[in-house]
Amino acid sequence: MAKRAAAPAGPLGDDFSFVSPVAKYVLFFFNLLFWMISVVMVAVGVYARLLKHAEAAMACLAVDPAILLVVVGVLTFLITFCGCVGSLRENLCLLRTFSVCLTVVFLLQLATGVLGFVFSDEARGKVSEIINGAIVHYRDDLDLQNLIDFGQKEFSCCGGVSYKDWSQNMYFNCTATNPSRERCSVPFSCCLHDAGQAVINTMCGHGMQARGYLEASAFIHTNGCIDKLVNWTHSNLFLLGGITLGLALPQLVGIVLAQLLISQIRDQIKLQLYNQQHRADPWY
């Protein structure tokens, strides 16, 4: 008895999907996590901004940590929102937007790192310009003041190139016409502190700019923060590389998952079109 010929393979059923639930929901929760972080960043930045006086806010917008936090938070919010909704709704437009934005951010970070390494002298000049601007606005912004104090304590330094850079600040200016009680002084974060000292003397930097390097070095750090920052960078290249990799890795994972999901959704659309065409075929 002759065997019956096998029926030709028909189109895949409607319940079949090329879209992997693993890729879809991993990308969704990945973006949801960073979306929530971005909301916290924006909230903290706005709260810090509202606590400041209007005149102080207008004096130092370029180096305001609160503004920087808000800008980064808003960009992260928009990008991760596209990733969240795009993956959950399987929306090609939003997924492409997410993938492109994340790729641009990654390439900008890579370009910044390469250019900073190649043009190290120019980068040093830019850092010096930023530090000098921060010194000028030291008393105008509490966040900036705390950031500078933390940096000077952490790196055991004072000013940009030397402790006398603090003369650029209107309160610490060392000219005879300066009526400030802090004339010729430096912030207390420049001072040498005894490990056993229980109470910090906030006036320890009084009149230090009027003293020579040798005399002042007995009370404060006289070396500038730029050289200390450069030396620290050279000594911690592996640490910085690890931090950079830690920042880049989630971005690369997001790009790969988005591209994978985009490819799967395209295949699913082709399958649906194929099934619709065969349903319309009277011989199907």
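Glycine residues also receive a Cβ, built from the backbone N, Cα and C atoms like all the rest.
Summarising the annotation, TrEMBL assigns transmembrane segment to 25-47, 67-88, 100-119, 237-262. The disulfide bond annotation in TrEMBL covers CYS157-CYS190, CYS158-CYS174.
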CYS190 (disulfide bond) and CYS158 (disulfide bond), distance between Cα atoms, whole Å: 5
CYS190 (disulfide bond) to CYS174 (disulfide bond) - Cα separation in whole Å: 17
Between CYS174 (disulfide bond) and CYS157 (disulfide bond), the C-alpha gap once rounded to whole angstrom: 19
In the chain carrying CYS157 (disulfide bond), residues 6 or more apart in sequence that have Cβ under 8 angstroms from it: GLY151, CYS190, HIS221, ASN223, GLY224, CYS225, ASP227, LYS228
Surrounding CB atoms that lie within 10 Å of the CB of CYS158 (disulfide bond), all protein chains: 26
Site with most surrounding Cβ atoms, counting all protein chains shown within 10 Å, from the disulfide-bonded residues CYS174, CYS190: CYS190
